Amino acid sequence: MKILVALSGGVDSAVSAKILKDAGYEIEGCYMKLHGRDDYHAKNIEKVQDVGNFLEIKTHILDLCDDFKREVFEPFLQTYKVGKTPNPCALCNRTIKFGKFLDFARSKGCDKIATGHYAKIENNLIKSAVDLSKDQSYFLANIEPRVIPNIVFPLGNMLKKDVKKFAASFPELEKISKSSESNEICFVENTYIDVLREFYKTETPGIVRNLQGEIVGKHNGYMNFTVGKRRGFDVFGAHEPHYVVKIDAKKNEIVVGSKADLDKNEFETQNFNAFLNIDEILKMDEIYVKIRYRSAKIACKIEISLNDNLNNESLTDKNLNFENSDFLNNQDLKAKIILKTPANGVASGQLAVFYDKSDCVIASGFIA
């Protein structure tokens, strides 16, 4: 079996390649150029070539900058522009790392691709990694279900500290083993607002309203805020903390309330991405949802229906087979999520990820 390994220049991808090589697989490496900063790429490519020389494997450089700009970066900007909170990693994994990269691997005669993500695959489902502090199953939950048989995650059963220890045992990988962690969003060096300032006038004064619609303060531009933020705006005569509850991009207004006002008992998602048959998901006794990467899982119930532009007929009691239905395009489906306990700070634009009781990802959807 021939596997193309995504090499970033970091320890996780290097160890992934080493593990697969030691296991007897025929492997090649590939570095993906996703955004600008030539000096950034030059340093990483040098590291990737060093890993390739150490493992005695062929390495490729795949320029996906145009695809990344169109599929990830521009939607990132647009999502903030309309007052929502984007999840660029979820978009990148679907369209770039497990889309274009997989296409490239096939063009090179490879059977599968491998990455340094901390996750597992079990029964054709993505599953949480052993190292829950590094688990990346959340970010992988938006990939197309059909690509899972073509993916390998060598680090799924390893702890991060053991990955570094393993790398340090080889002189050729010792330097990489001591490298710092990469940014959560690869193209954001400091904060997201610094990126937005390059394209938008982010400092535009606006008003703050309470939940009753009354003007209670002022702010310096709605793009500076996400749901749940409690600083950066002024509330006249406030004696207790206020939190952003809602953002009105068209009016350049934010709505604030107490922390309790952030609690939601239900919400809707768009682009429902199912990894199991719809009827199988609907019949599950236990389903848990994460509303953002670092949030705890919350028990929930899912009600699935067609998007408004198709039909609003509920599918809750229908016996629909996902594989043999007309719903292979996740754009067709939306879901209503009913929480067993309230969730704090549900943000439109973020990814909601659904797990079964064994920590396998069964579906995902973007919060409406």
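Including glycine, each Cβ sits where the backbone N, Cα and C put it.
Features reported for this protein in Swiss-Prot:
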ACT_SITE  Cys92  active site, nucleophile
ACT_SITE  Cys186  active site, cysteine persulfide intermediate
BINDING   Ala6, Leu7, Ser8, Gly9, Gly10, Val11, Asp12, Ser13, Met32, Gly116  ATP binding site
DISULFID  Cys92-Cys186  disulfide bond
SITE      His117  site 'Interaction with tRNA'
SITE      Gln350  site 'Interaction with tRNA'
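Projection of Swiss-Prot feature records onto the structure.
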{"residue": "Ala6", "record": "ATP binding site", "DSSP (3 states)": "strand"}
{"residue": "Asp12", "record": "ATP binding site", "DSSP (3 states)": "helix"}
{"residue": "Met32", "record": "ATP binding site", "DSSP (3 states)": "strand"}
{"residue": "Cys92", "record": "active site, nucleophile", "DSSP (3 states)": "helix"}
{"residue": "His117", "record": "site 'Interaction with tRNA'", "DSSP (3 states)": "coil"}
{"residue": "Cys186", "record": "active site, cysteine persulfide intermediate", "DSSP (3 states)": "coil"}
{"residue": "Gln350", "record": "site 'Interaction with tRNA'", "DSSP (3 states)": "coil"}
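In sequence order, Asp12, Gln136, Phe139, Leu140, Phe153, Leu155 are the residues near His117 (site 'Interaction with tRNA'), counting only same-chain partners six or more apart with C-beta under 8 A. Rounded to a whole value, the Cα-Cα separation of Cys92 (active site, nucleophile) and Met32 (ATP binding site) is 12 Å. Considering only the recorded positions Ser8, Gln350, the Cβ with the fewest other Cβ atoms within 10 Å is that of Ser8.
Considering other CB atoms within 10 Å as the measure, the emptiest surroundings among the recorded positions Ala6, Met32, Cys92, Cys186 are those of Cys186.
Cβ neighbour count for Asp12 (ATP binding site): 26 (other Cβ atoms within 10 Å of its Cβ, all protein chains included). Cβ neighbours of Gly10 (ATP binding site) (same chain, under 8 Å, six or more residues apart in sequence): Lys47, Gly116, Ile176, Ser179, Ser182.
For the pair formed by Ser8 (ATP binding site) and Cys186 (active site, cysteine persulfide intermediate), distance between Cα atoms is given as 11 Å, rounded to the nearest Å. Across the residues the record lists as binding ATP (Ala6, Leu7, Ser8, Gly9, Gly10, Val11, Asp12, Ser13, Met32, Gly116), the two Cα atoms farthest apart are 16 Å from each other. Put simply, Gln350 (site 'Interaction with tRNA') is 25 Å from Met32 (ATP binding site) when counted between their Cα atoms.
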